[in-house]
């Protein structure tokens, strides 16, 4: 018997990562620990950059923005998951689901754009060092951040409005721990061709442009570094990009893993398990990457606690 169409639903059921009762305490403890580490680690980076005057530069302004975005990004999904496990209630209301979906897309897209802007910042610093302070002035940095935020907001708003036009069936179980766009569209009874078309076009367009910008920037950076004669200067130039390259590799690598797992196992929990890497693990590791590989950040942290 086919599920009946339903033009308006009141709630969805988030199945989470596992339905086994004996695993729920373990999942709760694991994700609570990762969330607290993510929140406190990124907050520490933010406070360090605010209090240390030597970190008031364009590069650290964007690291500050990335840390704030990572806190918001993780906070859109993990607290709800923890509450569902603790209360043993997997229900999320229709309004909350759309809100969560909107903010998740917003902060995921903002992460992409910030990583692109940071690649451009390193490109200017290494390839045009004499003009760096002129090009990356505070006004221009603010405009780059504002443009990234506006593009991210437009993308999230577009997807959210497109979901609102969809009618759903009576089968409202989402095989995920949050309202992920693809999973929500799979529950639709109405035609989702336009939704999928916009999803692939917008994601492809706004994904390819930032990635192209990153690849272009680092092609120029590597070319400039290889022309440096001094080994010490080469090492110093590479070290300024090392943290950023690590974060880019982690973010895009885990995102690609989610895409491939979704394509290979569309109706399983594999995409949900894979998405943990970029929704929770990546934001948790970012503060460690920037603090362990960066002498200025470590010096700022010591001053903060002294």
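Every residue gets a Cβ built from N, Cα and C, even glycine.
Annotation source TrEMBL lists domain 'G-protein coupled receptors family 1 profile' at 41-290.
Here TrEMBL flags 26-47 (among others) as transmembrane segment.
According to TrEMBL, the transmembrane segment annotation covers 59-78 (among others).
Positions annotated as transmembrane segment by TrEMBL: 98-120 (among others).
Look at TrEMBL and you will find 140-158 (among others) tagged as transmembrane segment.
Non-local neighbours of the transmembrane segment (197-216) in the same chain are 109, 112-113, 115-116, 119-120, 151, 155, 158-159, 162, 181-182, 185, 248, 252; each lies 6+ residues outside the stretch with a CB under 8 Å from one of its CB atoms. Per TrEMBL, transmembrane segment is recorded for 197-216 (among others).
Non-local neighbours of the transmembrane segment (237-260) in the same chain are 59, 66, 111-112, 115, 118-119, 122, 125-126, 211, 214, 218, 221, 224-225, 228, 271, 274-275, 277-278, 281-282, 285-286, 289-290, 293-294; each lies 6+ residues outside the stretch with a CB under 8 Å from one of its CB atoms. Annotation source TrEMBL lists transmembrane segment at 237-260 (among others).
Among the features that TrEMBL reports, transmembrane segment is placed at 272-292 (among others).
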